[in-house]
Amino acid sequence: MASLSCSANDLAPLINDTAAANYLCAQFDSISRKLAETTYAVDNTYLLFSAYLVFAMQLGFAMLCAGSVRAKNTMNIMLTNVLDAAAGGLSYYLFGFAFAFGGRSNGFIGRQNFGLRDYPMGSSISSFFLHQLVLAIADAGITISPFGSFFLYQWAFAIAAAGITSGSIAERTQFVAYLIYSSFLTGFVYPIVSHWFWSSDGWASATRIDGNVLFGSGVIDFAGSGVVHMVGGIAGLWGALIEGPRIGRFDRSGRSVALRGHSASLVVLGTFLLWFGWYGFNPGSFLTIAKGYGSGGYYGQWSAIGRTAVTTTLAGSTAALTTLFSKRLLAGHWNVIDVCNGLLGGFAAITSGCAVVEPWAAIVCGFVAAWVLIGLNKLAAKVEYDDPLEAAQLHGGCGAWGVFFTGLFAKKEYVEEIYRGGRPFGALMGGGGRLLAAQVIQILVVCGWVTATMAPLFYGLHKMKLLRISRDDETAGMDLTRHGGFAYAYHDDEDGSSRGVGFMLRRIEPAAITTPSPPAAPQV
């Protein structure tokens, strides 16, 4: 919203009354101030609501993880999801937010405002928040402190990255390892990446304040296919590689053995919760809503937000249906778990370009993302890589495709609305190759940075015997050996023991089929 002002000196000659001019300008300034305050309140409420939606995705992650592991490890995986949020909250407050967005800093890392101390209004929160909100109302004389809602929103993103990693190393990782990696990822690794691509100081940010953007374009990773999903997926990749597969996941000949999760119901519930939360993840990344685009009528940022929700929906839906029919042809059955993973792969892919592509392009994105996930799962089985939730393939692989896809299909009109005019756009949309080159740079840099930081961490934990649990504990299940009991009270006939009173889960064997005897011959 443009600032409104009134000058009594200019108005007085027009109405020949200085007192009336002063009165009218005072009333006009009061109205202008109220409008500016209302704009800020609407934008801040929108950002807070989006933060709540993204945080609700933690519940989705928890349900998805719980359903994807065996019942004997349910309490363990649920506790790690709680830990991601709690430990991530403190580490992001103390260090992470400052590394990502703290004060005027260099292109590599933020250097001020640790623990949110002395956080100034004009710091590099983001070009969206600065240019679309702060500067729009600063002339009205309003003092604002936007960091609270913005911090909450960015914290929800940081713990999402940590939650992705926990899925890759599920069912075999020591609890202390979760504490260490989660704090390190949310407090250092992820914030550096978000600084590079989202801060107004970042060396590859498309919203860099000084205008010196990479290849004249900067990286367009609108809501984090690279910043969030690739970071979490690649971290999980290294954790799972260094730990090795779960016991029984591959037989002696190297053939894949399915260790199925215990509850498809929880997987579906978690998937729908994540779908719901993605409407805060992608459309919420605009950060503000009450901003017109100057084209007249009712078109503004609120319209772009609606379009972003549509592209998000279409990409996920297309990926789900593509996975459904593809797996039916490849495996011979309709598998709800595969469909849920395909849906999430489509969402992870469209997250980068959701705001700058047409709806038809989102369908292309989702279709390819489904095949990326299927192909990477085939490759994982061949190299004996074990990821209980397919997190590295889904978030890392589909996230990388999404970053690349944006460099192909970003539309000029949408890029100019969000990132200022004169920017390169998608290569297949006539925009040349500069944006695509920037996107490729992001893929390579994220892979390199996460590998250079998380791989040594996991390897060090492995050498200190702090990473993987013992073979006996893994066989018995961590709920019993590490967390004091099972998530479900049940009795299994095979173990020959009773573990408390509760409902029973018994194996149902097929009943013996007997052939009915022929009727006796009639007596003569």
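Even glycines carry a Cβ here, placed using N, Cα and C.
What TrEMBL says about this protein:
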type     : residues : note
TRANSMEM : 46-69    : transmembrane segment
DOMAIN   : 46-488   : domain 'Ammonium transporter AmtB-like'
TRANSMEM : 90-109   : transmembrane segment
TRANSMEM : 175-198  : transmembrane segment
TRANSMEM : 218-242  : transmembrane segment
TRANSMEM : 263-281  : transmembrane segment
TRANSMEM : 360-380  : transmembrane segment
TRANSMEM : 436-461  : transmembrane segment
Mean per-residue pLDDT computed across the domain 'Ammonium transporter AmtB-like' (46-488):
89
Outside the transmembrane segment (436-461), six or more residues from its ends: residues with CB under 8 Å to it:
177, 180-181, 184-185, 188-189, 192-193, 196-197, 204, 214-215, 217-221, 226-227, 230-231, 234-235, 238-239, 242-243, 352, 400, 403-404, 406-408, 426-427, 467
Residues of the parent chain within Cβ reach of the transmembrane segment (46-69), under 8 Å, 6 or more residues beyond its termini:
77-78, 80-82, 84-85, 149-150, 152-153, 156-157, 159-160, 163-164, 166-167, 170-171, 261-281, 283-285, 287-290, 337, 340, 388-389, 487
